[in-house]
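Per Swiss-Prot, the features are:
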BINDING   Y57  chlorophyll b 1 binding site
BINDING   W79, S85, E98, R218  chlorophyll a 1 binding site
BINDING   H101  chlorophyll a 2 binding site
BINDING   R103, I152, L181  chlorophyll b 2 binding site
BINDING   Q136, L146, E213  chlorophyll a 3 binding site
BINDING   S156, E172  chlorophyll b 3 binding site
BINDING   Q164, F261  chlorophyll b 5 binding site
BINDING   Q164, R175  chlorophyll b 4 binding site
BINDING   K212, Q230  chlorophyll a 5 binding site
BINDING   N216  chlorophyll a 4 binding site
BINDING   H245, A254  chlorophyll a 6 binding site
MOD_RES   T40  phosphothreonine
TRANSIT   1-37  transit peptide
TRANSMEM  151-171  transmembrane segment
TRANSMEM  219-239  transmembrane segment
Amino acid sequence: MATSAIQQSSFAGQTALKPSSDLIQKVGVLGGGRVTMRRTVKSTPQSIWYGPDRPKYLGPFSENTPSYLTGEYPGDYGWDTAGLSADPETFAKNRELEVIHSRWAMLGALGCTFPEILSKNGVKFGEAVWFKAGSQIFSEGGLDYLGNPNLIHAQSILAIWAVQVVLMGFIEGYRIGGGPLGEGLDPLYPGGAFDPLNLAEDPEAFSELKVKELKNGRLAMFSMFGFFVQAIVTGKGPIENLFDHLADPVANNAWSYATNFVPGK
């Protein structure tokens, strides 16, 4: 009787000491009854931005999403009216292009606004408006990077064009051709030296960051489009347009500028 109790106690203790990550089923007999001990695996919480229950582009009013948009990838809100992602190869290519253009747009939006912000706060480094800055190369003194002649000084638009084509063409050609430098790395999220802050160490946090990057990137692409339209319509930079709107919202807004192009006005 005592031996049986010791064996049962030892069996229960060994089971309790098993790691919580293991899925274990032990069966024993106690007092003529059948006892099953089971330890289940703790499920990993999933991000709300992925899977079939993720937010859709029209919220609860969204229609049935296409079967190929399963929520597997970041930024998938189930919207593809034109069917651009129906082909898997095209879908993969479009995902890559969107991430790359998002990153360029975020850098571009910063470059379009930051010089104006500095200029408004008394920092002088030449032309602050983004679409006017390049024209300084045609001036007598040429173009100084950040207004400092000791950094990069340029006076030839042809030289700038040639350097841009050669450098960017080489880099893009290398990327598209799949050079050996990036072997073994994810083409969109290489990590390592490209993640010095180790932001992608936690997989769950990394999946959230992918979504945030695309959301901000899409907003930046729309912003860049708006900056181009503003430059054509008003001839001013985005910060100056913002200041004008805040000073007189009625006279300076998209509607008032659009009506200037009405025939007969």
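Each Cβ is built from the backbone N, Cα and C atoms, and glycine gets one as well.
Shown on the structure are the features that Swiss-Prot records.
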residue	record	DSSP class
W79	chlorophyll a 1 binding site	coil
H101	chlorophyll a 2 binding site	helix
I152	chlorophyll b 2 binding site	coil
Q164	chlorophyll b 5 binding site	helix
R175	chlorophyll b 4 binding site	helix
K212	chlorophyll a 5 binding site	helix
H245	chlorophyll a 6 binding site	helix
A254	chlorophyll a 6 binding site	helix
Worksheet item: Nearest to Y57 (chlorophyll b 1 binding site) by Cα, among I152, Q164, R175, K212, A254 (binding-site residues)?
Response: K212
Worksheet item: What are the non-local neighbours of W79 (chlorophyll a 1 binding site), defined as same-chain residues 6+ apart in sequence with CB under 8 A from its CB?
Response: K56, Y57, S62, T65, L69
Discussion item. Using other CB atoms within 10 angstroms as the count, which residue among the binding-site residues E98, E172, E213 scores least?
Written reply: E172
Fill in: Structural state of the residue listed as 'chlorophyll b 1 binding site', classified by DSSP into three states
coil
Worksheet item: How would DSSP class S85 (chlorophyll a 1 binding site) in three states?
Response: coil
Worksheet item: For the binding-site residues S156, N216, which Cβ has the most other Cβ atoms within 10 Å, all shown protein chains included?
Response: N216
Discussion item. Give me the CA-CA distance between R103 (chlorophyll b 2 binding site) and E213 (chlorophyll a 3 binding site), in Å, as a whole number.
Written reply: 8
